[in-house]
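Peer 1: Submitted below is the structure of interest, expressed as structure tokens.
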Amino acid sequence: MSLMVVSMACVGLFLVQRAGPHMGGQDKPFLSAWPSAVVPRGGHVTLRCHYRHRFNNFMLYKEDRIHIPIFHGRIFQESFNMSPVTTAHAGNYTCRGSHPHSPTGWSAPSNPVVIMVTGNHRKPSLLAHPGPLVKSGERVILQCWSDIMFEHFFLHKEGISKDPSRLVGQIHDGVSKANFSIGPMMLALAGTYRCYGSVTHTPYQLSAPSDPLDIVVTGPYEKPSLSAQPGPKVQAGESVTLSCSSRSSYDMYHLSREGGAHERRLPAVRKVNRTFQADFPLGPATHGGTYRCFGSFRHSPYEWSDPSDPLLVSVTGNPSSSWPSPTEPSSKSGNPRHLHILIGTSVVIILFILLLFFLLHLWCSNKKNAAVMDQEPAGNRTANSEDSDEQDPEEVTYAQLDHCVFTQRKITRPSQRPKTPPTDTILYTELPNAKPRSKVVSCP
């Protein structure tokens, strides 16, 4: 009797195991994408279907049932490589596996994996508020925004295969944006982030990635010390070097400046006094600024020490109040765009001054000519005193003689020459015995 019971139990267990695959039982496999489910257009991704018992074969299924030719009617072994990836590959995937002892029986569908293809729109921008250096236990807001009206934004951290975080975009002041809250900050959340945007009708076709943003957690290690050589107060043009040091065996030091968007890093060097130090040359001093430094280890590049005490570097003999970041060019080099604007403005001002001078000169000339032409032709009029001033140093007096014949030159001013020849002829002669500037008039 007992033998019969045991036999029936074994048969029942066998039937349950046989029915499981056909009925879509609990033998659910696990589908993963490597290296990431976020794939640039033209890139590659490998889909793998895992199960606690090794599958001989598996099949892929796409949620939207848009058949890609390479999928149709094919059975794959272990993994499937998509390359090159196109927008047609974007979508939601599942897999089913077959059992070695049951080639016709398939497992239940796996977990879904969403393949997102990037590079279909212009990249958005990614910012950290209040900043990318976050103290352990605090929170940071990563804001993704664009002037393209994206309906959804995605935030993805490098090195992880899980689906990116997704938020609905909010439109404000002509831009679309989403705020991703990260925290409480810990080492697992630190790393390099990028964000993407998408529109409603193609939710799995994303924009190009934003520029990478490194989020660093600070505070796990003791702070280093920061000093300035030759000192924190220097004359304008004097060279300055900032030294970051500690007795902790840091592999790397990082120098940051308040208000600066970037940091500068240098490897630590062991000194004879058993300290580890890095010297940051800043070059000739032109401005002032407040600096801090951090230490980090090679095995954990996104985990930094507490910041050093702030060091204020001031420059005497220079009215400027802030010093450019070590990674930013000196202000003396100028901004090429601003330089072009300055040159263009100067040229316009010079041309305006020249035009104004020309118009003023033309106006004065016309006014002078009009005054001369308005004078009545007086027969009993002396020559203009200005004519006498333009002659030789010896003053000469002219007399107007009517109907006299002399061998002197005939003078007719071009500005007073009438269009029709006059009937009378006026001759001028020099009178050497006349008094200077006197006027002798001969009446007819």
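Backbone N, Cα and C atoms are what each Cβ position is placed from, and that goes for glycine too.
Residues or ranges marked as topological domain 'Extracellular' in Swiss-Prot (evidence: sequence analysis): 22-340. Taken from Swiss-Prot, the feature domain 'Ig-like C2-type 1' covers 42-102. The disulfide bond annotation in Swiss-Prot covers C49-C95, C144-C195, C244-C293. Annotation comment: Swiss-Prot describes 137-202 as domain 'Ig-like C2-type 2'. Annotation source Swiss-Prot lists region 'Disordered' at 315-334, 375-394, 409-444. Among the features that Swiss-Prot reports, transmembrane segment is placed at 341-360, with the record citing sequence analysis.
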Peer 1: If you draw a 10 Å sphere around the Cβ of C195 (disulfide bond), how many other Cβ atoms fall inside it, taking every protein chain shown into account?
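Peer 2: Other Cβ atoms within 10 Å of C195 (disulfide bond): 30.
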Peer 1: Between C293 (disulfide bond) and C144 (disulfide bond), what C-alpha distance do you get in Å?
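Peer 2: It is 28 Å, counting Cα to Cα.
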Peer 1: For the domain 'Ig-like C2-type 2' (137-202), how many residues does DSSP put in helix, in strand and in coil?
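Peer 2: Summed by class, the stretch gives 3 helix, 38 strand, 25 coil.
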Peer 1: On a count of neighbouring CB atoms within 10 A, which of the disulfide-bonded residues C95, C293 is highest?
Peer 2: C293
Peer 1: If you draw a 10 Å sphere on the Cβ of C144 (disulfide bond), how many other Cβ atoms land inside?
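Peer 2: That number is 27.
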Peer 1: What is the number of other Cβ atoms found within 10 Å of the Cβ of C49 (disulfide bond)?
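Peer 2: 26, counting other Cβ atoms within 10 Å of C49 (disulfide bond).
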Peer 1: To the nearest whole angstrom, state the Cα distance for the pair C144 (disulfide bond) and C244 (disulfide bond).
Peer 2: 34
Peer 1: State the Cα to Cα distance, in Å, between C244 (disulfide bond) and C95 (disulfide bond), rounded to an integer.
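Peer 2: Their Cα atoms are separated by 54 Å.
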Peer 1: Rounded to the nearest Å, what's the C-alpha distance separating C195 (disulfide bond) and C95 (disulfide bond)? Just drop the number here, would you?
Peer 2: 28
